[in-house]
């Protein structure tokens with residue numbers, strides 16, 4: 001008896017469109033928005049970037065899209081059996097059997113090789129960062145995801161590497177305290193988001209959580225509730241230290257909106273969207289979107305202020 005979950009697409013769909021849709025689905029293009037972290041360096045430099053810098057960062061983000069999709073395929077190949085017990089992941093093409101493992105492996109190797117080689121040709125440091133990203137994620141998929149908190153740090157490192165790549169492509173001095181504090185802020189912030197996702201998985205998977213992800217049997221709702229305030233505190237402290245190092249009053253003021261965003265996120269996640277994807281709250285909630293826009297406009301205002309002052 002075939003117990004595989006219902007696939008993404010019905011058999012009535014045309015073969016060509018079905019193959020295209022499956023090819024896109026396995027790359028998870030909706031997740032590419034995470035590579036927007038590469039662009040954060042543009043805000044950090046507090047001045048309007050040149051066209052050359054914009055193109056450099058766009059290329060860096062595209063390369064990260066290719067490499068992250070390579071890792072997504074690798075994860076799906078490793079976890080396709082466990083994905084079949086997850087209410088959402090069971091719909092993925094490899095889990096449903098709509099894409100064979102042979103085809104997935106071929107796509108992964110070709111995409112990963114092209115992306116990595118392109119990264120080294122584009123910028124040596126970009127290639128190094130992509131290599132580190134791949135190695136960390138391979139270790140995560142094969143073993144590190146089984147250990148409590150280490151699994152979160154692996155995910156956090158991926159986002160921090162994205163921001164670091166943006167810094168390098170923009171020529172920002174990554175050894176200055178301002179940049180170091182911002183990188184630490186990104187690390188703690190993504191740890192906070194990642195821990196929220198673990199809470200969501202615990203609730204959704206219930207008694208099957210430990211069979212889906214080894215580290216989940218070590219997490220508990222009580223432990224997560226105790227650790228969350230620590231990560232929120234670290235996130236705020238590192239961001240405040242960054243704003244102080246930026247030596248800009250407007251940037252210091254942006255801390256208020258970061259705090260509101262965190263509080264709003266916690267409220268929504270604990271009361272309304274507990275069973276949803278934590279990262280999707282940003283796009284669902286209007287006050288959250290407005291908060292992020294105002295936060296971004298503060299940085300634009302700071303850049304305009306520096307431009308007028310001739311700095």
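Yeah, the Cβs are placed from backbone N, Cα and C, and that goes for glycine too.
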Annotated stretch (transmembrane segment, per TrEMBL) among the listed ranges 270-289, 290-309: 290-309
Which of 54-78, 180-198, 219-242 contacts the transmembrane segment (248-269) most, counting Cβ pairs under 8 Å: 219-242
Candidates 54-78, 99-121, 219-242, 290-309; stretch with most C-beta pairs under 8 Å toward the transmembrane segment (149-174): 54-78
Contact set, same chain, for the transmembrane segment (99-121): CB under 8 Å, 6 or more residues outside the stretch: 22-23, 26-27, 63, 66-67, 69-70, 73-74, 76-77, 80, 93, 127, 129-131, 134
